[in-house]
Structure formats: structure tokens, C-alpha cells
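What follows is a structure written as C-alpha cells; I'll ask about it next.
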Amino acid sequence: MAFIYNGSQTTVTEFILLGLTDDPVLKVILFCIILCIYLVTVFGNLSTILLIGVSSKLHHPMYFFLSHLASVDMGLSSSVTPNMLVNFLTEKNTISYLGCGIQLSSAAFFGAVEFFLLAAMAYDRLVAICNPLLYSTKMSSQVCIQLVAGSYVGGFLNASFVTHFFFSFLFCGPNRVNHFFCDLSPMMELSCSDVSISEIVISFSAGSFTMTTLFVIVIPYFYIFITILKIRSTEGRQKAFSTCTSHLTAVTLYYGTIIFIYVMPKSTYSRDQNKVVSLFYMLVIPVLNPLIYSLRNNEIKDALKRQFYRKTLL
């Protein structure tokens, strides 16, 4: 039952997600592609977590943050992808009102945690390159745990903020969501409440949050680049810069998509374009991060070789 009639007011109890396409053949193709990407995402990020856990040489702050980034990537992808895969195989792509809120809050939680973790990793690189002699002191286990805990608290606050707005909206119909998951923007379009003030508050908050965390990342890299330029040897500069390229690539991909979806004016792009970029943000980035950090990191590649070598000896 999609609606409850309460006197003169109709309340929506479930929503229909329109998804990516109505074409049955294309649905099957997308199901196969997205399922493969999701399985690789889970395998890649889980392998990263396990490799860091069993390799003593990877028990450093940078890899501590990386293991949490991998778990957050799995959570972000898992908050949307399983439901999307089920909807590819069913004719009526419905999700309950409560399920929609849970999906939205999960995506908001993991998305915000990733912001803070990327900022923490930028600080880690700043200390490692600009203050190497004080690295063990400034990036102690206690500091790392506090930074990660702060990231999860920030994610919880963001999820609470977004969830509060969602459950404060009234939905009287229609109930067809023009997206593949319950994102806040298409949900506001369906609300029969006056969302004009909420839309301004949410847009301002999203823009401020994104640009503030980006600023926190840019400032450390400004000092990092100055320090790298002062290194006389070409080999030294390349080695110092190589430790930052993976993180910079991840930051560029993540912030580029977030700014497009949540910061740029809605009039500058269509809903279909928003779906494509959201798919990249929810599905492609989580599968790319393990590749970005492993292919450009000799320590991870060496640790992986050691694990394979040990298994061949057993």
C-alpha cells in the first residue's frame, strides 16, 4: 500500500525509484556490470583492510587511515548498490518510507566520514613531509584514533542533520522518485511541504561543509608543495611527491563529483546527468580507491608480494 488516507490528507508510505532506465534489456546489462563492480569493490577494499591488518610493515598512520577509508568505501557503496541491483530484477521498484530514510542517512553518514578521513590523511602527509622528525610524536596512535573517531562523529552529525530534514517533510503524492536511490534533492521535489527555506539551508550547509573540508586539505598541500620545491635533488622531490599523488587523485575524484552534485546550481545540469555523476560517486570511486592507493604505493605492493610468497611456501 503506497498511500494512507487520514481524513483529508494522504500520506505516502512507500516510494517508487525510477532508477537508471526503463529498457528491460539495458536493465539486465546494467545489472551484470554493476554487480561485477560491486563485487570488485567489496573484494578490493576488504583485501586492503586485511592486508594492512596482517602486514606489520603497514602498521603506520597512513595505512591506519587507509584501512578506515576502505571500510567507509564499502559502506558507501553498500548503502545504495544492493537495493539498486534488486530493483533491476523487479518490475515495481518500491522502497518504504522508513527504508528511504535509512538509505539516505547511511549515504550521508559514509559520505561525510570520507570527507573527514581525506582531510586527516592530508594532515598526515603534511607532518610526514614537512616535519619528519616529529612525525612519530604528532601522529601517535592516540592522535590517529582521535582523528578517525572525529571523522565518524562528523559523519553521524551530518547523517542526523540530513535525516532530520527528511523526516520533517510531508509526502502526500506523487511517490515516484526520479533517481536510483533516495537522495535528498529529488525527495524535496516530491514533498508537499514548503521546502523553500529547507532547500536554502541544505544547499548552504552542503556548500559550506564541502568547501571548508576542501580548504582544510588544500592548505596542507600548499605547504607540502613549498617543502617539496625546496628539496634540491630531483630524486628526493619525486619520492616526496609520489607519497601524495594517490591521495590527491582520490581527493580530486571525490570532491569533483560532490561539488557537481550538491554545490553547483541545479539549473546547470539535468536529472539524468545527476544520476550518472551520483553513480560514479556511489559505485565507481569506491572501486577505484583500492587501485589508486595500491598501484602507486610500493609498500602495499611489497606487502602483497610477501603475503603471496608466504602462501606459496605453505
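Cβ coordinates are placed from backbone N, Cα and C, and glycine is handled just like the others.
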Consult Swiss-Prot and report the residue, out of Asn6, Asn158, annotated as N-linked glycosylation site.
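Annotation hit in Swiss-Prot: Asn6.
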Would Swiss-Prot put Gly99 and Leu26 on one side of the membrane?
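Going by what Swiss-Prot records, Gly99 is on the same face of the membrane as Leu26.
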DSSP on Cys192 (disulfide bond), three-state: which is it?
coil
Test the contact criterion for the transmembrane segment (275-295) and the transmembrane segment (137-157): 3 or more CB pairs under 8 Å, pairs 6 or more apart in sequence, then answer yes or no.
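Touching, no - the transmembrane segment (275-295) and the transmembrane segment (137-157) miss the threshold of 3 or more Cβ pairs under 8 Å.
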Can the transmembrane segment (137-157) be said to touch the transmembrane segment (200-220) if we require at least 3 CB pairs below 8 Å and skip pairs under 6 apart in sequence?
no
Other than its close neighbours in sequence, what residues sit by the transmembrane segment (29-49), given a CB gap under 8 Å and a spacing of at least six beyond its ends?
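Distant Cβ neighbours of the transmembrane segment (29-49) are 20-21, 66-67, 70-71, 73-74, 77-78, 81-82, 84-85, 88-89, 283-284, 286-287, 289-291, 293-294, 300.
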